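Below is one structure; the comments refer to it alone.
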Amino acid sequence: MEFSTQSTASLHQIKTAALAVGVYADGELSPAADVIDRASNNAVRQVVKAEFRGRPGATLVLRALPGVSAQRVVLVGLGKQSEYNARAHAAAEQGFAAACVAARITEAVSTLAANSIADTPIRARARSAAIAAGAATYHYDATFGKPDRDARPKLKKIVQVVERGEAAQTQQGLREGSAIAHGMELTRTLGNLPGNVCTPTYLGDTARKLAREFKSLKVEVLDRKQVEALGMGSFLSVARGSDEPLRFIVLRHAGKPAKKSKAGPVVLVGKGITFDAGGISLKPAATMDEMKYDMCGAASVLGTFRALAELELPLDVVGLIAACENLPSGKANKPGDIVTSMSGQTIEILNTDAEGRLVLCDALTYAERFKPSAVVDIATLTGACVVALGHVNTGLFTQDDALADALLAAGRQSLDTAWRMPMDDAYQDQLKSNFADVANIGGPPAGSVTAACFLSRFAKAYRWAHLDIAGTAWRSGKDKGATGRPVPLLMQFLLDQA
């Protein structure tokens with residue numbers, strides 16, 4: 001998708017296949033809609049009064065308006081004017097792009113980012129517009145025998161109309177949003193691929209492909225022997241249950257900070273269970289197909305690296321991905337087994353379906369060698385987090401208030417929100433074992449919290465936060481598919497650090 005800017009002069013003379021103008025739920029027209037209304041002898045107001053309610057993201061296409069050069073004027077709902085905010089703007093931009101896709105339009109012009117929003121500057125509005133357009137034009141057909149090429153979106157270019165003095169900031173926001181959209185696209189596609197295609201080896205190959213495409217990226221993909229040499233006994237114990245070879249992926253983005261700093265890199269750690277059957281503690285058959293999404297933490301790390309490399313972000317970032325399958329077999333972990341992690345801590349495995357923390361703990365120990373300024377792990381870790389927060393907010397766990405504030409702010413800014421969960425030391429008692437240093441589960445109460453508490457035992461050498469994306473990484477039902485979250489949150493966090 002190509003994005004560019006144009007000045008607001010002579011809107012009615014812009015020649016385009018589709019021109020988007022905003023309409024509020026109370027019938028009030030945005031400034032751009034008012035211009036088009038006057039040029040068309042009040043045609044817009046007449047239609048709005050008769051049949052358009054202005055719900056956020058709703059669209060109504062008007063063809064061949066008199067006095068207007070655009071082939072189509074698309075009325076886009078903005079919601080109530082008194083409640084218009086960044087989320088309503090994103091819904092409007094996505095609704096417009098979706099309408100263009102449905103009409104098989106190749107290029108379009110939007111005036112929506114020009115509508116001012118309190119505490120949301122034009123750069124942020126432009127960034128959101130590009131992300132929304134990317135979401136509307138995403139199309140998956142990688143595993144269809146005969147892909148319907150006519151179903152692929154034709155929309156290739158959107159021009160944002162803004163005030164002349166805002167063009168530079170708008171263009172920067174569009175550039176950032178486009179990169180984030182590309183990262184989300186990669187994340188979604190990796191998540192949507194089936195487990196027999198998107199294997200640990202496939203994830204490693206994807207990382208290598210990114211490193212070939214972007215000169216700022218370096219990659220190392222470790223195999224079983226190398227992981228054994230590191231002493232990653234916990235990770236190995238999970239991988240042992242499958243014939244599919246494990247991979248431990250180390251990605252580095254060597255940014256060039258404007259100012260020299262002694263601070264270490266930001267490290268992102270992704271859970272890469274490419275299929276999770278639960279192991280010996282077998283999951284129910286219903287919806288087990290969705291356990292291909294158990295690598296969405298890893299996918300989000302790869303998507304984030306794709307975005308930050310495209311932007312050439314002046315920041316040093318390391319990505320770590322522990323990738324394997326969790327299957328039942330004669331070599332798989334058994335309830336009651338005890339394994340030794342890379343940190344030296346022993347773990348009693350009471351439930352083999354709590355495997356994500358078993359691979360992450362060794363990755364968190366590996367992260368120590370980078371002397372990081374902060375570590376954020378991303379994982380579809382617990383169903384308990386879905387029970388607690390549903391599918392709206394990602395669960396955020398940390399005892400570092402400053403890091404929590406930075407991640408929460410990034411979530412609000414990017415509309416990829418998180419909610420901070422408790423991590424009181426008292427929860428650690430649930431992880432006590434009579435036979436090892438720690439048990440891998442703490443019983444039903446506060447399951448997402450005790451999972452985070454388990455990880456915290458392996459992250460004491462640095463500032464650390466855990467994002468549980470079990471409720472936000474994918475959707476079920478008729479719209480089943482990966483969402484690309486939390487790439488926007490992670491990228492906003494990194495943009496704020498740069």
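The chain as shown is numbered from 1 upward.
Note that Cβ sites are derived from N, Cα and C of the backbone, with glycine treated the same way.
For the Mn(2+) 1 site that Swiss-Prot gives as Asp353, Glu355, the extra residue drawn from Asp243, Asp276, Asp429, Asp437 is Asp276.
Swiss-Prot lists Lys271, Asp276, Glu355 as Mn(2+) 2-binding residues, and of the candidates Asp294, Asp337, Asp377 the one it assigns to that same site is Asp294. Within 10 Å of its Cβ, the residue among the binding-site residues Asp276, Asp294, Asp353, Glu355 with the fewest other Cβ atoms is Asp353. Taking the Cβ of Arg357 (active site) as reference, residues of its chain lying under 8 Å away and at least six apart in sequence are, in sequence order, Leu381, Asn440, Ala451, Phe454, Leu455. Reported as a whole number, the C-alpha separation between Asp353 (Mn(2+) 1 binding site) and Lys271 (Mn(2+) 2 binding site) equals 14 Å.
Summarising the environment of Lys271 (Mn(2+) 2 binding site), the number of other Cβ atoms within 10 Å of its Cβ, over all protein chains shown, is 29. The separation of Lys283 (active site) from Asp294 (Mn(2+) 2 binding site), Cα to Cα, is 13 Å. In the structure as shown, the Cβ atom of Lys283 (active site) sits within 10 Å of 15 other Cβ atoms. Spacing of Asp276 (Mn(2+) 2 binding site) relative to Lys283 (active site) is 8 Å (Cα to Cα, whole number). Apart from Asp276, Asp353, Glu355, the residues listed for Mn(2+) 1, the same chain places the Cβ atoms of Val238, Ile273, Ala277, Gly278, Gly279, Ser281, Lys283, Met291, Asp294, Asn326, Thr352, Ala354, Gly356 within 8 Å of the centroid of those Cβ atoms.
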